[in-house]
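Q: Feature annotation from TrEMBL assigns transmembrane segment to 41-64, 84-101, 113-139, 171-191, 242-269, 275-297, 304-324, 336-354, 366-385, 397-418.
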Amino acid sequence: MEDHKPDPDMEEEKDVLKAHAAELFDYQNEKALMRKIDWHILPVMFTAYMLQFLDKTALGYTAIFGIQKSLHLVGDEYSWASSAFYFGFLVASYPVSLCFVKFPIAKFLSVSFIIWAIILACHGATSNFAGLISLRVLLGIFERNSVSSIFGGLLTYGIGHISNSVEPWRWIFIIFGIVTFAYGTVFYFYLPGSPHSVRFLSKEEGEFIHQRAQRESHTTVSHKWSKGQCIEALIDPKTWLIFVYSMASSIPNGGLTSFGSIVISGFGYSTFNTLLLGLPTSVFTLIWVVLATIIVTKFRKSRCLTAAVLSLISLAGSLMVSQIDPTKKVARLAGMWLFPAYSAGVPIILSIIASNVAGYTKRTTVTAVMFIGNCAGNITGPFLFFSNEMPTYGSAWIGIMISLAIAFVAILGLRQLFQFQNQQRDRKQNVKIDPESREESEIEEVVALGIALDQDETDWENPNFRYYL
């Protein structure tokens, strides 16, 4: 039997964590330190997500600039081109999850960033459906947020006025690709791989952040793949409720991303007016995300309920667009502005996974399953829009409303399961543990009860684990 010797570096790190645990948890300047990190890291991540979203949705902008006519797209070929991105994304989801465990995340992301920038720019040189769909699949493989929509709409509005031998829709791909490539280079050198490698933090600050991450996520970073944790993730019913919610809430996104501009244009607006009138949709998307973030931060046990309400708001917007008299353009536009509320559910479900799934491999697997659902929904969405139903797309809106209703039921079911399992554990241990308590004494009690700080335990394995609602 092979002798597995412990990694000296990891053992030394564990010793440091144990020796300084009390000091780290009593650290009084935590908020100031978190603000320091936010000011350095959030702008970098914000820009990265913005560019990622722009690249992914660039096809939607080009739809009203003649890409279908130029590439002779007929029937549902535009829908296939829209969905192709997510086929690539889907194929890459699990391998990428493995890469996150095996390789330095920061460098892996940066290289992917640069590659997808090159692929995006190549979209501007394609001349037929085969070339377009191939590039969309590749983009999805390597690309594995709403201010980006506002910025993208304005940028596209400007690019659309370029007048030369190159068609405007080609310039959209080329310019977006160049900007992304330039930023990818910065991303490579600036993004830290771990708290210990952050240049603007002292050694003590980096150590504290490392410990804090373990405290919040109930696990340690491991570069070993655990088969047992993977199986546990796949047989956990919560994983599949997350999958259902992710898929159901992504079907509307797949349709809106690719056909949103076409829908607004169908109200009777010109190409450039369509772009401008699409900006409030992006503004409202940002508002929903910010509002949802504030609610789940300020109010305990509100994550799942907030996501459920967002689904209902989107459902109301869908009804307005599909049922209001076509002559009432402003009212239907208002429906389009309410419709993207569902998108704020994405960061909520990611935060639920981060807080409620312990064990590094288990969390990685659940995240991969969630993204598979996301891809499946985004693949399905464009095919709800039948070309013979332009510009009302009646079948599409019916399908979208059914999807939002399913998402609503799934997220509430997930909350009930979390609550039930918390109550079961409380009764079994004869103690009530509230993971969302803001009382310092209760936090210390939870830590004292043994929430895994230096073990890669799953939420099933750790009897003291409680789920956020």
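Yeah, the Cβs are placed from backbone N, Cα and C, and that goes for glycine too.
TrEMBL does not curate its annotations; it predicts them automatically.
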Q: Given pairs 6 or more apart, does the transmembrane segment (171-191) have at least three Cβ pairs under 8 Å with the transmembrane segment (242-269)?
A: no
Q: Counting only pairs 6 or more apart in sequence, are there at least 3 Cβ pairs under 8 Å between the transmembrane segment (41-64) and the transmembrane segment (397-418)?
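A: Stretch pair does not touch.
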Q: For the transmembrane segment (336-354), which recorded stretch in the set 113-139, 242-269, 275-297, 366-385 gives the largest number of Cβ pairs separated by under 8 Å?
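A: Ranking 113-139, 242-269, 275-297, 366-385 by Cβ pairs under 8 Å to the transmembrane segment (336-354) puts 275-297 first.
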